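A.B. asks: Below is a structure I'd like to ask you about.
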């Protein structure tokens, strides 16, 4: 298969499982395994902290020693084995340990695919948005399938759909991959361990862009972890919850299919500004009007709060960084923006949710509002 198709299927396969793990896992722990919201928040928060350190430390180390295709294959099979351990487990301690271990291995597949995309953008001129939209499609299909299956067989089916999805990833990673991904990325002049981090953190524009990504992606913590429970508390049937969650992904798909066309020449700072404002409006609306209809309406903002912020970061590293720094930059993004910030704000959101469910969403303004001011203060200085 050609490189564009390979990347598209990679995104499709991974985000199918991500569409199960991200929105449903907290609900699965509370409903099927009997954990309280607080206990489930601790389990998921600990998992995200573990994820942040694995993507920050383990992923860059792996990319120095192994080609990306072998990394994805090994992690896929390891993740499948760990997921199977959930079947006999029911205590808080065992669920915590398994979730932490799974969070060390499974999420690293994401920066591996994103790094592959960035390298293929440089070497093969593939269209990122076109392939990434397949990831959104996979996410959508997962939401629909889980929503339908849980309506019939209850939340116990969530784990088994996840296992099937991971098995599919394992099979796909055994297929031929693009030649450029079968070699260890050229380290350039950075042969000494740790020099990539020094070079990246010495760049103030990169640090600023990474900080904005951390704040804006972290702002989705309450949505990712409590969106399912929030809708369930509002009395929405589990099947319709899957459909409602899919509205966000639908707009995400539309965005990514058009991103290369409409956002390829827009300033990175402008994209982040749009994402920050859109994110703030999204959480304010859910707080002020805690109803299914308003929640559905705000799902359209996901293309702004998540999609534009994500595309802005991917564009920046693809256009501004040399090939050998991309895996490290992706590791930092996956670690801090997609994991650590979400983990920290998951604890915050969980505490606020116990006070009032809609307050968990308002709490996300603690990171979206500062990001607006950071952009205003740095966009001219760093010209990004």
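Placement of Cβ uses the backbone N, Cα and C atoms for every residue, glycine included.
Caution: TrEMBL annotation is automatic and unverified by curators.
Here's the feature list from TrEMBL:
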DOMAIN    6-357  domain 'Major facilitator superfamily associated'
TRANSMEM  7-25  transmembrane segment
TRANSMEM  37-59  transmembrane segment
TRANSMEM  71-89  transmembrane segment
TRANSMEM  95-113  transmembrane segment
TRANSMEM  134-153  transmembrane segment
TRANSMEM  159-184  transmembrane segment
TRANSMEM  205-226  transmembrane segment
TRANSMEM  238-256  transmembrane segment
TRANSMEM  268-289  transmembrane segment
TRANSMEM  295-318  transmembrane segment
TRANSMEM  330-353  transmembrane segment
TRANSMEM  359-378  transmembrane segment
A.B. asks: With Cβ distances under 8 Å as the criterion, find the stretch in 37-59, 159-184, 330-353, 359-378 that has the most pairs with the transmembrane segment (268-289).
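C.D. replies: Against the transmembrane segment (268-289), the leading stretch is 359-378.
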A.B. asks: Could you tell me the mean pLDDT the prediction assigns to the domain 'Major facilitator superfamily associated' (6-357)?
C.D. replies: 88
